[in-house]
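Novice: Annotation source Swiss-Prot lists L-serine binding site at 255, 256, 257, 309, 409, citing sequence analysis. Taken from Swiss-Prot, the feature ATP binding site applies to 286, 287, 288, 373, 374, 375, 376, supported by sequence analysis.
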């Protein structure tokens, strides 16, 4: 959520920065709600001051033995008036929050202005061998097959997945399933053993409050899988009168960014423990509501996929150093696997909802003769923290400040599997195992039918 103080002080700057993302801000509604909020708040504060003054006056009159009945009568009328004003103020504040909950983050000054992925900027690329004439990885020396054609003889089974679950799911068996697991284990070991992340195991189902905090709700509700619970409620909530309350909605996670980042929700952490570095390997569930007919073949865009996520909770003064560090942590996975990649700085129009600055890592897929995203690393600054009320205290005497939250894929396991299959394919249909993965594969050097 955007800083309300910034909106009140410099609304036009906020509007201009949002326009660079292709987003219009409803200034008329904001100004209307804000002016009404100020008016009610002024009236509330005046009534509170009057209540305090009357209480003092009553005390003075009683101390002198004088009649305080008239003042007490006025004082007794105030609670009802004050309650109405406080309810009006709470309603207006809720409407303001609802407006701001659907507004994306402001782009950092270093983010290039643009409308789409065509305006993203390549920062660097890494190739394990000499480039071809066009600057991309050199051709394999034979007609490359895509990961579906390579994988099906080796244990990648889309027909069984479709029978079990429908389109956009995968079923793996044997060596293919082991290679998929090996990739995830390798990524976790690298992030925890060398990059200082703490491995976490998180729930795959979260409540709506958690999703509001990280920004998936309310804007991206259609992208989530809603969970319908059967049977009775094993943890019924009741109000002050003992009446049952409605159960909070629950959803499958679309990324473990949600659960890892939310560890600090409604928390004030000591400044000396920052940065917090967390990682988790989880399945991710996405409805792909807006994907249309894109990437219907294979594993590129699925309803369920695995990902090793990296999250850092940082001091605002160090968050952009942390962003560059996290990009390097994702890059190291690709380097160790020997996969060609490039780093792209996303433009304002291509960034995610909560991001202030994002780098995408794109891996080379020979069969498509193109680069495809395999990791996205973002600094959300205080955007999520403000929604979650996640703060830190620099020292015992300091006021709490909002932390900065960062997240990134380290990496998407399924897409890494695709990249390994396509880049390490051999003309005879076998696939060489990258050296970094061989310890996880029992020393196997290649997959073959």
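Note that Cβ sites are derived from N, Cα and C of the backbone, with glycine treated the same way.
Structural setting of the listed features?
Specialist: According to DSSP, residue 255 (L-serine binding site) is assigned to coil rather than to any helix or strand.
Cβ neighbours within 10 Å of residue 288 (ATP binding site), excluding its own Cβ and spanning all shown chains: 14.
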Novice: If you measure residue 288 (ATP binding site) to residue 409 (L-serine binding site) at Cα, how many Å is it?
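Specialist: Counting only the Cα atoms, the answer is 18 Å.
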Novice: Taking every protein chain in this structure into account, which of the binding-site residues 255, 375 has the most other Cβ atoms within 10 Å of its Cβ?
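Specialist: Of 255, 375, the one with the most crowded Cβ is 375.
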Novice: Would you mind ranking the binding-site residues 256, 376 by how many other Cβ atoms sit within 10 Å of each Cβ and giving me the lowest?
Specialist: 376
Novice: Would you identify the secondary structure of residue 286 (ATP binding site) according to DSSP, in three states?
Specialist: coil
